[in-house]
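Participant: I'd like to ask some things about the structure below.
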Amino acid sequence: RWFTHFYVVSVLWNGFLLIWLFRAEFLREPLPSWIQHVHHALGRDSQNSEYFSALLVLLLLWLHSCRRLAECLWTSVFSNGVIHIVQYCFGLGYYIAIGLTVLCQVPTNIRNGKELSVQIRWYHIVGVMMYIWASLHQHRCLEILASLRKNQSGKVVSLSHSVPFGDWFESVSCPHYFAELLIYISMDIMLGFQNVTWWCVVMYVLFNQALAAVLCHEFYQKNFSSYPKHRKAFIPHV
(Lines of atoms letter the chains of each structure in order from A and count residues from 1; the text may use other names and numbers.)
(Lines give C-alpha, C1' and ligand atoms only; values in the text may rest on other atoms or scores of the structure.)
Protein backbone atom coordinates (compact mmCIF):
# COMPACT_ATOMS: atom_id res chain seq x y z
CA ARG A 1 0.00 0.00 0.00
CA TRP A 2 2.98 2.34 0.39
CA PHE A 3 3.34 2.41 -3.40
CA THR A 4 0.80 5.20 -2.98
CA HIS A 5 3.63 7.39 -1.69
CA PHE A 6 5.49 7.00 -4.98
CA TYR A 7 2.61 8.45 -6.94
CA VAL A 8 2.08 11.30 -4.48
CA VAL A 9 5.71 12.29 -4.99
CA SER A 10 5.43 11.87 -8.76
CA VAL A 11 2.25 13.94 -9.04
CA LEU A 12 3.75 16.80 -7.02
CA TRP A 13 7.28 16.76 -8.43
CA ASN A 14 6.53 16.06 -12.08
CA GLY A 15 3.58 18.44 -11.91
CA PHE A 16 6.01 21.12 -10.73
CA LEU A 17 8.35 20.42 -13.66
CA LEU A 18 5.42 20.37 -16.06
CA ILE A 19 4.32 23.84 -14.93
CA TRP A 20 7.78 25.22 -15.66
CA LEU A 21 7.82 23.73 -19.14
CA PHE A 22 4.37 25.09 -19.92
CA ARG A 23 5.42 28.54 -18.71
CA ALA A 24 8.53 28.37 -20.88
CA GLU A 25 6.54 27.43 -23.99
CA PHE A 26 3.40 29.51 -23.70
CA LEU A 27 4.63 32.47 -21.64
CA ARG A 28 8.12 32.46 -23.17
CA GLU A 29 9.75 32.51 -19.76
CA PRO A 30 13.28 31.13 -19.41
CA LEU A 31 13.73 27.95 -17.43
CA PRO A 32 14.97 28.53 -13.86
CA SER A 33 18.71 28.58 -13.30
CA TRP A 34 18.79 25.29 -11.40
CA ILE A 35 17.34 23.50 -14.44
CA GLN A 36 20.03 25.11 -16.57
CA HIS A 37 22.63 23.81 -14.11
CA VAL A 38 21.17 20.30 -14.40
CA HIS A 39 21.49 20.56 -18.19
CA HIS A 40 25.08 21.65 -17.89
CA ALA A 41 26.00 19.02 -15.29
CA LEU A 42 24.60 16.25 -17.48
CA GLY A 43 26.27 17.58 -20.60
CA ARG A 44 23.03 18.46 -22.38
CA ASP A 45 24.05 21.89 -23.67
CA SER A 46 24.00 20.61 -27.24
CA GLN A 47 20.75 18.71 -26.88
CA ASN A 48 18.63 18.88 -30.03
CA SER A 49 15.55 16.87 -29.06
CA GLU A 50 12.16 18.33 -29.88
CA TYR A 51 10.73 20.40 -27.09
CA PHE A 52 7.13 19.41 -27.81
CA SER A 53 8.01 15.72 -27.58
CA ALA A 54 9.51 16.17 -24.11
CA LEU A 55 6.57 18.29 -23.00
CA LEU A 56 4.11 15.65 -24.23
CA VAL A 57 5.97 12.83 -22.48
CA LEU A 58 6.16 14.72 -19.19
CA LEU A 59 2.44 15.55 -19.42
CA LEU A 60 1.47 11.92 -19.98
CA LEU A 61 3.88 10.74 -17.28
CA TRP A 62 2.14 13.12 -14.87
CA LEU A 63 -1.32 11.92 -15.98
CA HIS A 64 -0.16 8.32 -15.54
CA SER A 65 0.93 9.12 -11.98
CA CYS A 66 -2.41 10.83 -11.28
CA ARG A 67 -4.32 7.79 -12.49
CA ARG A 68 -2.17 5.36 -10.51
CA LEU A 69 -2.58 7.50 -7.38
CA ALA A 70 -6.36 7.49 -7.82
CA GLU A 71 -6.32 3.72 -8.30
CA CYS A 72 -4.24 3.23 -5.16
CA LEU A 73 -6.67 5.35 -3.17
CA TRP A 74 -10.02 4.21 -4.55
CA THR A 75 -9.64 1.05 -6.66
CA SER A 76 -6.96 -1.31 -5.37
CA VAL A 77 -7.48 -3.48 -2.29
CA PHE A 78 -4.09 -4.07 -0.70
CA SER A 79 -3.11 -7.01 1.45
CA ASN A 80 -0.97 -6.71 4.57
CA GLY A 81 2.24 -7.28 2.62
CA VAL A 82 5.24 -5.06 3.34
CA ILE A 83 7.87 -3.39 1.19
CA HIS A 84 11.60 -3.44 1.88
CA ILE A 85 12.99 -0.09 3.02
CA VAL A 86 15.63 -0.13 0.26
CA GLN A 87 12.98 -0.72 -2.40
CA TYR A 88 10.85 2.01 -0.87
CA CYS A 89 13.65 4.60 -0.95
CA PHE A 90 14.63 3.56 -4.47
CA GLY A 91 11.04 3.96 -5.63
CA LEU A 92 10.85 7.50 -4.29
CA GLY A 93 14.12 8.39 -5.99
CA TYR A 94 12.99 6.80 -9.24
CA TYR A 95 9.95 9.03 -9.64
CA ILE A 96 12.07 12.09 -9.00
CA ALA A 97 14.76 10.99 -11.44
CA ILE A 98 12.31 10.04 -14.18
CA GLY A 99 11.02 13.61 -14.40
CA LEU A 100 14.56 14.98 -14.61
CA THR A 101 15.27 12.43 -17.34
CA VAL A 102 12.48 13.91 -19.44
CA LEU A 103 13.55 17.43 -18.55
CA CYS A 104 17.01 16.81 -19.92
CA GLN A 105 15.51 16.12 -23.35
CA VAL A 106 14.40 19.77 -23.59
CA PRO A 107 16.49 21.90 -25.97
CA THR A 108 18.64 24.26 -23.97
CA ASN A 109 17.86 27.25 -26.21
CA ILE A 110 14.49 27.48 -24.46
CA ARG A 111 16.35 28.85 -21.48
CA ASN A 112 16.57 32.18 -23.33
CA GLY A 113 12.83 32.38 -23.72
CA LYS A 114 13.03 31.67 -27.46
CA GLU A 115 9.68 30.79 -28.99
CA LEU A 116 9.42 27.20 -30.19
CA SER A 117 6.66 26.09 -32.52
CA VAL A 118 4.50 23.11 -31.60
CA GLN A 119 4.78 20.52 -34.35
CA ILE A 120 2.62 17.43 -34.05
CA ARG A 121 4.22 14.53 -35.89
CA TRP A 122 2.94 11.09 -36.77
CA TYR A 123 4.88 9.38 -33.95
CA HIS A 124 3.21 11.67 -31.41
CA ILE A 125 -0.20 10.42 -32.55
CA VAL A 126 0.89 6.77 -32.56
CA GLY A 127 2.47 7.11 -29.13
CA VAL A 128 -0.58 8.77 -27.58
CA MET A 129 -2.92 6.13 -29.03
CA MET A 130 -0.73 3.34 -27.64
CA TYR A 131 -0.54 5.12 -24.28
CA ILE A 132 -4.34 5.39 -24.04
CA TRP A 133 -4.82 1.76 -25.14
CA ALA A 134 -2.34 0.40 -22.58
CA SER A 135 -3.65 2.67 -19.80
CA LEU A 136 -7.24 1.53 -20.32
CA HIS A 137 -6.24 -2.13 -20.13
CA GLN A 138 -4.07 -1.54 -17.08
CA HIS A 139 -6.96 0.14 -15.28
CA ARG A 140 -9.34 -2.65 -16.26
CA CYS A 141 -6.93 -5.31 -14.97
CA LEU A 142 -6.50 -3.49 -11.66
CA GLU A 143 -10.29 -3.35 -11.33
CA ILE A 144 -10.43 -7.12 -11.89
CA LEU A 145 -7.82 -7.72 -9.18
CA ALA A 146 -9.70 -5.48 -6.75
CA SER A 147 -13.02 -7.20 -7.49
CA LEU A 148 -11.57 -10.52 -6.29
CA ARG A 149 -11.58 -9.14 -2.74
CA LYS A 150 -15.03 -7.51 -2.85
CA ASN A 151 -18.58 -8.77 -2.83
CA GLN A 152 -21.23 -7.72 -5.34
CA SER A 153 -22.02 -4.57 -3.36
CA GLY A 154 -18.37 -3.48 -3.53
CA LYS A 155 -17.50 -4.16 0.10
CA VAL A 156 -14.10 -5.67 0.86
CA VAL A 157 -14.66 -9.16 2.26
CA SER A 158 -11.22 -10.78 1.90
CA LEU A 159 -7.52 -9.96 1.56
CA SER A 160 -6.56 -13.39 0.26
CA HIS A 161 -5.30 -14.15 -3.23
CA SER A 162 -7.53 -15.59 -5.95
CA VAL A 163 -7.09 -16.43 -9.62
CA PRO A 164 -8.12 -13.49 -11.84
CA PHE A 165 -9.94 -13.93 -15.16
CA GLY A 166 -10.92 -11.54 -17.93
CA ASP A 167 -9.26 -9.00 -20.21
CA TRP A 168 -5.50 -9.62 -20.61
CA PHE A 169 -5.50 -12.03 -17.67
CA GLU A 170 -6.58 -14.67 -20.18
CA SER A 171 -3.09 -14.50 -21.71
CA VAL A 172 -0.70 -13.55 -18.91
CA SER A 173 -0.55 -13.64 -15.13
CA CYS A 174 0.43 -9.96 -14.74
CA PRO A 175 -1.10 -7.93 -17.57
CA HIS A 176 -0.91 -4.73 -15.52
CA TYR A 177 2.88 -5.09 -15.57
CA PHE A 178 2.83 -5.70 -19.31
CA ALA A 179 0.66 -2.60 -19.75
CA GLU A 180 3.20 -0.59 -17.72
CA LEU A 181 5.92 -1.61 -20.17
CA LEU A 182 3.73 -0.61 -23.13
CA ILE A 183 3.11 2.79 -21.54
CA TYR A 184 6.84 3.48 -21.31
CA ILE A 185 7.40 2.23 -24.85
CA SER A 186 4.65 4.58 -26.04
CA MET A 187 6.55 7.47 -24.48
CA ASP A 188 9.69 6.43 -26.32
CA ILE A 189 7.68 6.46 -29.55
CA MET A 190 6.63 10.03 -28.74
CA LEU A 191 10.32 10.94 -28.49
CA GLY A 192 10.80 9.71 -32.06
CA PHE A 193 12.37 6.29 -31.32
CA GLN A 194 15.84 7.83 -31.22
CA ASN A 195 16.27 8.83 -27.60
CA VAL A 196 18.90 6.52 -26.12
CA THR A 197 18.33 7.79 -22.58
CA TRP A 198 14.66 6.86 -22.62
CA TRP A 199 15.42 3.45 -24.13
CA CYS A 200 17.50 2.82 -20.99
CA VAL A 201 14.42 3.69 -18.95
CA VAL A 202 12.36 1.25 -21.02
CA MET A 203 14.93 -1.50 -20.45
CA TYR A 204 14.83 -0.87 -16.71
CA VAL A 205 11.03 -1.12 -16.70
CA LEU A 206 11.23 -4.30 -18.79
CA PHE A 207 13.54 -6.13 -16.39
CA ASN A 208 11.89 -4.75 -13.25
CA GLN A 209 8.37 -5.68 -14.30
CA ALA A 210 9.45 -9.01 -15.79
CA LEU A 211 11.06 -10.07 -12.51
CA ALA A 212 7.97 -9.14 -10.52
CA ALA A 213 5.74 -10.91 -13.03
CA VAL A 214 7.74 -14.13 -12.91
CA LEU A 215 7.57 -14.19 -9.11
CA CYS A 216 3.78 -13.65 -9.22
CA HIS A 217 3.40 -16.30 -11.92
CA GLU A 218 5.30 -18.83 -9.83
CA PHE A 219 3.17 -17.93 -6.81
CA TYR A 220 -0.02 -18.62 -8.75
CA GLN A 221 1.30 -21.94 -10.07
CA LYS A 222 2.45 -23.02 -6.63
CA ASN A 223 -0.73 -22.12 -4.74
CA PHE A 224 -3.44 -22.94 -7.30
CA SER A 225 -3.32 -26.44 -8.76
CA SER A 226 -5.92 -25.60 -11.40
CA TYR A 227 -4.13 -22.47 -12.59
CA PRO A 228 -4.45 -22.12 -16.40
CA LYS A 229 -1.39 -23.73 -17.96
CA HIS A 230 -1.53 -21.67 -21.15
CA ARG A 231 -0.91 -18.38 -19.34
CA LYS A 232 2.51 -16.82 -19.63
CA ALA A 233 4.06 -14.71 -16.89
CA PHE A 234 4.50 -11.31 -18.49
CA ILE A 235 4.35 -11.05 -22.29
CA PRO A 236 1.65 -12.93 -24.25
CA HIS A 237 2.94 -16.07 -26.00
CA VAL A 238 6.47 -15.54 -24.62
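The backbone N, Cα and C atoms fix where each Cβ goes, glycine too.
Automated prediction, rather than curation, is the source of TrEMBL annotations.
Per TrEMBL, the feature domain '3-oxo-5-alpha-steroid 4-dehydrogenase C-terminal' maps to 121-238. According to TrEMBL, the transmembrane segment annotation covers 6-27, 85-106, 196-220.
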Participant: By a Cβ-Cβ criterion of under 8 Å, what residues six or more beyond either terminus of the transmembrane segment (196-220) are in contact with it?
Facilitator: 57, 98, 101-102, 104-105, 161, 163, 172-174, 177-178, 180-181, 184-185, 187-188, 227, 231-234
Participant: Looking only at residues six or more beyond either end of the transmembrane segment (6-27), which have a C-beta under 8 A from one in the stretch?
Facilitator: 35, 51, 54-55, 58-59, 61-62, 65-66, 68-69, 72, 91-92, 94-96, 98-100, 102-103, 106, 110, 113, 116, 118
Participant: For the domain '3-oxo-5-alpha-steroid 4-dehydrogenase C-terminal' (121-238), would you mind checking the mean pLDDT of the predicted model?
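Facilitator: That region's mean pLDDT is 95.
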Participant: In the domain '3-oxo-5-alpha-steroid 4-dehydrogenase C-terminal' (121-238), how many residues does DSSP put in helix, strand and coil?
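Facilitator: Secondary-structure breakdown of the domain '3-oxo-5-alpha-steroid 4-dehydrogenase C-terminal' (121-238): 74 helix, 4 strand, 40 coil.
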